[in-house]
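Chemist: Per TrEMBL, the features are:
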- 1-29: region 'Disordered' (REGION)
- 98-147: region 'Disordered' (REGION)
- 111-121: compositional bias 'Pro residues' (COMPBIAS)
- 129-147: compositional bias 'Basic and acidic residues' (COMPBIAS)
- Glu290: active site, proton acceptor (ACT_SITE)
- Gly323, Ala324, Ser325, Thr326, Gln327: ATP binding site (BINDING)
Amino acid sequence: MVANSLTSKPLEVTPPSPSSVPPAHSSSVSATLSPAFAIAPRTRLRMAPMSPTYDRLEAGQPLGKQTRHFGWKKFALGAGLLLALVWLFVPKEKRHVTLPGWGSPSDEPSELPPKRPPTQPPVQTTPNHTDEDIIHPDSFKTDRDPTKTTYCKTPHLSSAHLVQYALMLDAGSTGSRIHIYKFNNCGPQPTYEYEVFKQTEPGNGLSSFAGRPTEAAASLDILMNEAMRIVPASLRKCTPVAVRATAGLRLLPGSQSADILEAVTTHLRDAYPFVLPVTDAVTIMDGADEAVFAWVTANYLLGTVRADTPPNTPTFAVLDLGGASTQIVFEPAGSVPLLEGEHKYELDFGGKTHVLYQHSYLGYGLMRARASVHRVVEFMASLHETPPLTTSAGPIPIVSNPCLSRGTRRTIELSADRGRTKNVTMDGDIVGGFDACTRIMDLVLAKDAVCAVRPCAFGGVYQPALSEAFPATAGSVLLLSYFYDRVAPLLPPPEDDMQLTATVDDIADLARAVCRGRDEWLSRWGAHPALMADLEDRPEWCLDLTFMHRLLRTGYEFNGDREVMFGKKIAGTELGWCLGAGFKLVGGVDVQCRV
């Protein structure tokens, strides 16, 4: 375990496991509600039919002597016999329990089962199997027959396939990834089962092929070949595939992004048997959709937005940090008014309507934030003369950068005039430190930008104050992507996917430690050589953590003691926007099987 003062705390909300919980919306696997045990009804004693003698007594008619003599003898004998029978056969301090399926009490007395809480009615599950319990697969490796599902034998609608696959390609700024999702149609809406994930090498995102659209399209072949391996041949012609490019491609100049999208569309249609939706098959995703789909993914996997989720269940706020943009989405507390505008997103999901606040900050992803910091530092250094570094390639300017770990250097490529670039050596040897870097970050976040509609977060963007709109009592905060990648290695490893927690102030403490340099690294993480190697290879880790802290503390205005969670996967499924978009893809009306 990493020597660290921070701890991993269990999350109160436990993500549902596909192997133990029937899928939401599934009507064919619902259990029959009935008492688990039934108490045998008491038998009511009845008198024998009245005799003629009893009728005469009731009418006041006299009886003969002989009749009276034998009548009283029979009465006494009958009374004694009745008392003996009662003593022998009536149970003494015992209650019989009738188990379902049996018509009489058991020979062995059974105790009554304890009463269940009123919020959890007793349930009797009637299995449709006798040999062994059904084990629901939660991965491709455990799926014995990918063409079928273990949740039902026939689809809810006769026109639907029993099993439905969907392919979602995430063309991010730092690389491309494919998510191969398996759904079933046991209920009125598709129900998610599991995912297969594969990604390209870092740095091979579609935007890295600017001006080379054919090469950009071919870069996806390694991902599509994985889809050919996973999706059964009989289902490929009815399996939709979509490509969603994010902020990196959006930033390309001119028609370069459009050329790449067109080449990808043609390549997928001609080279593979999968079906492309009629509209928006390959497109640049809107930032609002990216944020909301990430929110759907996390909250669906955590069980807070399913059809069987209890009313008023708190949902998670989701903050995603990509390479070129960052997103925030949350469901404001009911008492906080949400102004009309593009930030307001009404979502119908799981039979409920959720009114969400969302915003995507283009240019505030981690890679773009790095570039902004380096430009600010280089501009400030240009006001002072600094001797350049002499190399075989010529002199390279040296710039003191407070956002690099102390004792480290890194050569950065910066944009220059007229579309040209230049190399600058950033040096954290003397000035590297969290406090100095914080002042640079506050400039980058533009906290003092004009706020047309108050209140604002940063960059002049309207956002309800989180202290009121999403306090700790309203729900938990989940941080994704680069938040996880930079913080998780520095914390003790959690026992499961969703136990990695820290406060906002804890992130600042980690940033201070990383910015201090190698001596501090050795004292904290010296027992972990792989982590030490990563720290030495990433001088900008100091910058990354400082940016994350200022984004949360200054930008979004979370309190320092606010606890946040870091997530990458839940039950084997990658967090992010892709599963949410996958739900929309399989539920779309413009997807038809190829002939």
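Just so it is clear, glycine is given a Cβ too, placed from its N, Cα and C backbone atoms.
Note that the coordinates shown come from a computational prediction; the quantities given were computed from them, not determined experimentally.
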Chemist: Where does Ala324 (ATP binding site) sit in DSSP terms: helix, strand, or coil?
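Modeler: Once the DSSP labels are grouped into three classes, Ala324 (ATP binding site) ends up as coil.
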Chemist: Counting across all protein chains present, how many other Cβ atoms fall within 10 Å of the Cβ of Glu290 (active site, proton acceptor)?
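Modeler: I get 26 for this one.
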Chemist: Cβ within 8 Å of the ATP site's Cβ centroid: which residues qualify beyond Gly323, Ala324, Ser325, Thr326, Gln327?
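Modeler: Counting only non-site residues, the set is Ser173, Thr246, Ala247, Asp320, Leu321, Gly322, Ser360, Tyr361, Leu362, Tyr364, Gly365, Leu366, Arg368.
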Chemist: Which one of these binding-site residues, Ser325, Thr326, Gln327, has the sparsest Cβ neighbourhood, judged by other Cβ atoms within 10 angstroms?
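Modeler: Among the binding-site residues Ser325, Thr326, Gln327, the sparsest Cβ neighbourhood within 10 Å belongs to Ser325.
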Chemist: I'd like the Cβ neighbour count for Gly323 (ATP binding site), meaning other Cβ atoms within 10 Å of its Cβ, all protein chains included.
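Modeler: Looking across every protein chain shown, the total is 22.
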Chemist: Return only the integer: C-alpha distance in Å from Gln327 (ATP binding site) to Glu290 (active site, proton acceptor).
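Modeler: Per the Cα atoms, Gln327 (ATP binding site) and Glu290 (active site, proton acceptor) stand 8 Å apart.
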Chemist: In sequence order, which same-chain residues at least six apart have a C-beta under 8 angstroms from Ala324 (ATP binding site)?
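Modeler: Within the chain, Ala324 (ATP binding site) has Cβ neighbours under 8 Å at Ser173, Thr246, Ala247, Gly248, Arg250, Leu251, Leu362, Gly363, Gly365, Met367, Arg368.
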